[in-house]
């Protein structure tokens, strides 16, 4: 079988044909010529329509991979793709890219990989098709060399010689110009369209249902064109339906407007309808829903209804009778006053997580006339109700909607099902979002009403009429929208892309004219020129478009900027004339060009390197030039993408329209309104107003108004005229002089401040919206004027140019550098902040661009690249450089305003003021804080005080410093790193949200990167900056600040004592919190005064003269002596710990060590260096010899990325794990669960999404366990998730353990609940009041209920998916018995089932036992447990628990029954038992390895995966089909045999990739089947747990695969059992206990069982402060008292706690635990 290439005679794919000849030896290709579009038909009858030559190249290269035409590596393929894309951009004209191509080809023979690839073929194809045209322009040397090389290829020669005559004619040079329009007409750029599910040719019906309340915008156009596309593609029907369900919005005028817009889009619907056609039918349907109790009439006010829907509270009218609903419905139909208060709501599900399903409104009463039905109806359906009905009635097969309607799909189908209508298929596509604009009808209307635009067809508007008026062609618009396809990816499209599509349409057809800037032109005197008129083509590539007249003469005009580019003695090419030699450029005294003298040089035809100019001859009659204006537009919104809560009105103050008067070509008089033209070297324009001769009334001609049409380029076209917001050269020069505009800037600054105050005042007073808008608009205009005057944005608190003295010339550059350096630092912080907050990409890109511009400016000023920590050299400051009193007064004033406003906000909140009032006050407060930051450069913090005014100047004695910046910067960076590290640790200890911590970690990493850039070394803990080598003696003449520091210290001490006292007295949280805030404010004040953070050993120090000494000067006897004492004391501490001394002894020694270190810091000013433990100090002192390093287990060698032959680093796949279980357990675990597709992280800390792969494991556990307890007689039920406070606190002992973890619901919307409601941490207190009702007699017992649900425990420990989460799934069983023995038996029966869950399902060994008194369930008699062990961390984990509650709860909740014999009331005996999704985490930790998950066969979602192997390019199609059929048959047989089996038949992944994928997901068995296996009637089974390969005959798979799965399970269980056994140690003395604990073991030790003794064991076995970083620090806790005791307690045995004198009762299992 061969590939059939059908080549188009009109546009033959030359290089595609060459490729076909090349691969024909191994992949036969049959070539057929036709006049149809080029296409490829593959042996399997797949048809690929090739819209370009590149499609042919790609397809053939992939069909013959052995030839490596598409490259060998990913880098090569990427480079080839680049050149393929590049060739497409050259379809119309490649000449602009020849210089780039010449540079690229100069050093190489071929484009990619130094060999012939389809990249060469693609580019050759484009050059060959227009070679004559390029040759006339001049082809660079290297491009010509490469072109000749490709042309000389035998394959190319063969193709060119074998072309049919028709094709040769089409390729002839003479016809190349004629070919361009044809080629444009053939261009087809369709996007990715997905076939509609269930669509049949000729039966598809789609609809476009706009609301007739406005003009269509580009988003509507996409919807209309997509519907039209599918209607045409399937030869179906397109319905144009006006959704006129809201009489208040629809008008007949807008219906006509929309029909006109559709006509412009060339959309011709097959059917026109209105939703109102079906009003009578919908009335009947509404009555039907009411009668069937599927709808009800409701008079809940709108705001309350919204609140109830948010809180999922049912309406009071929901339970009304059908009769009452019908009666109220009649009132609505009449439109009575009573009826107008009601609406009809569908009765769906108020508890649904989907808000659209919470009883939506389907009918409302509106006593308004309808444009079509008049006053016939008083009730109207909602769109959500009408849409599914009309779609069903009109036989719509596919309802196309944007993805924003996805939540309403369930609602749509509910109406269909409830009314038993035909069900259309809903197909979603992404909404079209454009940057720098708004598509909201409400916001667009605001622009029109505010007079900011001319109307709905304003060229700046995204309406269909607006963009068409600006110059968009219907064809360009259609191509752009269709290119988007039916993708569901929501992205913001840049306007450049749509205009780039448009350019491809208009470029071949737009006639060329000339226009010069009227005010900026120069006369050229051309010697030898005569006045004559010539005819030239209006389009250089298409003579069929007509001719234009060009006047030649001795005097001509050119643009001033072009005159500046002329060089005397060189030729310049005057377009449409020829080369002219420039003789003299005449200038006046000030250097401005006045005229140019030149001479004709038409004989010279060398146009390669000449300057190309547009020009106009000087006409005798000035009226020959039509008055012309070029109008340039900018986007209506200055920000690319608006944030969710951002007000678009904040980004509209910029200039969006600019008119430039031009000297127009006389030929422009012929242009008509709507014509699209090109002003040469200026761009494309659309004639908005055509020229009209002088009017008889005014005697003034009507000027030509040309609207600039963007062409998609980001760079300006040379001399393209004044662009919006681009100041001219003179303006720039003026702006550069700070003195000239300082007065204006100062005045503007004052006006902006006043206007800002006015805006804030209006907002705080809740003024009318339009009044605020006017004030804001004026404020934005003032800011724009300020920017024009100063060249920079206005910022709060900045001083204008007039307030600063003009710097001396010698220091101005340095001052500028200082300013730019500060701006760079600030912008860098902003970029890091944006990245930390996960801001949108456009926003980050804009900030990065600004940062790069600042760095470039810095380099220009200083001559060197900017580096982190750089401090530019500045001129010596004068004595008057102290901070001004005025500035300090301003800061003090802002601080007082912040304090007052803060008090106001707190008063409003405490008084329960309405939200709007509070919000206004908060906004004012935030504005004041922003003013504070602008004035001081730092954020406002509680307790901040204004800097004191400078009483006297500071005298600074300055001495030479060889490297001032380096020392200062290193110190600064080290301080920042330390502070940031402290901040992160605080966040982690406070259990802050993951996203918040991640943002701070990123900032810390950035600081460490800056440190490395500055010092060349990695930052390490304990790093100390080198001491400065200069001495700066500073004399402070101010008063002693020591007294202030001392005062604050005493206040801190007193406040700390007060808080500790409150906590010891168990004071309420609301009492303690204000005191803590006061303490924090005092610590902030201490830091302000002393310059360092408060520590417990902080002391008041008198103000002394600080000296920063060199390292030599620091070598003092006091320092040496302290260093020796600290080292000696450190040895004492380590010795005490090594000898297992009592905790009191160790604590005392550690306290001495800390005191010595504090003294060291006091003497030296630096912390004692931990790393190295250096001795005596002093530059030349030798350090103590380091201790002999202890041997550590060898770590796996980290593999570096392999390099290819060229030395480049090859890309590595990120499919597998990048952390190992042995080296980095947390990262490894996180990667296993995410890459194994077990969980997805969620934005609520501690809560996670369980994906299908993990939930299947939970489902397997649930299914097995539920069947087992059902056999025991346990029934299933469900109780509410909410618990009242009174009930929860009934059992004080029970709630004690849960109290800190209980999550409370305190609000309903903005209102406080009357009483807080708890979210269940467990369900005893929820279920037992019901048990008390249900149990009356012994006949009601036993009650044995179980529920599968979720619980919430708001733990403050570090959340870990599965192992420790704030919400988790579990099963909880609650039973009640009359007989205690029966209850006790059930406890152990359930425990046995839990043990089987682990051993039988999860292949994990467990220890069964009873919890100690300290660890048992609160409120129970005793707790039994199964404990598992995770050797990777050396920690145990509680697997499941079964509690005997005794009569504790039955006495509390009065669950009693009457004894049949004594007739007395007796309390029941109760049990509770549960197992959670924690089991999944245990399974992962125990079994998973460094390749990913290892799933036990009994719970694996897929037990065996079938992977076809051995398919190559040489595999025949019938062999491939046979292999796939055999694999599918194998899969079917295994499924029939009870094996959960699937096949991986994806053809876009290699077998190796699939192997890695399924290994990562832990599938127990991989079954490999290849052609050879098929012949041998066998398969290869690969075990995931051991990677062992086993060959199995296909005939025996039904027996051997299940048996092999059982073998795998046993093997995994045995391996885990051996691991657990080897890590379980029996110990009888404390030294062994601590030693084995540190070696990651669990310990069986004799124990007395006392709670106080257990606390002591846990405390004493905890790691000390100086233990290995990163290792678990907690002490050992009791895990359980095993049922299987290792040995009886002997008389000589002692409790494992060395200080305990009690007799041990049993061996207890101890260990570190999760």
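Cβ from N, Cα, C; glycine included.
Now, the feature entries from Swiss-Prot:
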{"type": "COMPBIAS", "residues": "172-182", "note": "compositional bias 'Polar residues'"}
{"type": "COMPBIAS", "residues": "734-746", "note": "compositional bias 'Low complexity'"}
{"type": "COMPBIAS", "residues": "800-817", "note": "compositional bias 'Low complexity'"}
{"type": "COMPBIAS", "residues": "1094-1109", "note": "compositional bias 'Basic and acidic residues'"}
{"type": "COMPBIAS", "residues": "1172-1181", "note": "compositional bias 'Gly residues'"}
{"type": "DOMAIN", "residues": "744-800", "note": "domain 'WHEP-TRS 1'"}
{"type": "DOMAIN", "residues": "969-1025", "note": "domain 'WHEP-TRS 4'"}
{"type": "DOMAIN", "residues": "1118-1174", "note": "domain 'WHEP-TRS 6'"}
{"type": "MOD_RES", "residues": "1110", "note": "phosphoserine"}
{"type": "REGION", "residues": "166-191", "note": "region 'Disordered'"}
{"type": "REGION", "residues": "170-754", "note": "region 'Glutamate--tRNA ligase'"}
{"type": "REGION", "residues": "718-754", "note": "region 'Disordered'"}
{"type": "REGION", "residues": "791-817", "note": "region 'Disordered'"}
{"type": "REGION", "residues": "943-962", "note": "region 'Disordered'"}
{"type": "REGION", "residues": "1093-1119", "note": "region 'Disordered'"}
{"type": "REGION", "residues": "1168-1210", "note": "region 'Disordered'"}
{"type": "MOTIF", "residues": "209-220", "note": "motif ''HIGH' region'"}
{"type": "MOTIF", "residues": "438-442", "note": "motif ''KMSKS' region'"}
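The average pLDDT computed over the domain 'WHEP-TRS 6' (1118-1174) stands at 74.
Broken down by DSSP into helix, strand and coil, the motif ''HIGH' region' (209-220) contains 3 helix, 1 strand, 8 coil.
With DSSP states grouped into helix (H, G, I), strand (E, B) and coil, the domain 'WHEP-TRS 6' (1118-1174) comes out at 43 helix, 0 strand, 14 coil. Each residue of the domain 'WHEP-TRS 1' (744-800) gets a DSSP state, and the totals for helix, strand and coil are 43 helix, 0 strand, 14 coil. As a summary of secondary structure, the domain 'WHEP-TRS 4' (969-1025) carries 43 helix, 0 strand, 14 coil according to DSSP. In the motif ''KMSKS' region' (438-442), helix, strand and coil residues by DSSP number 2 helix, 0 strand, 3 coil.
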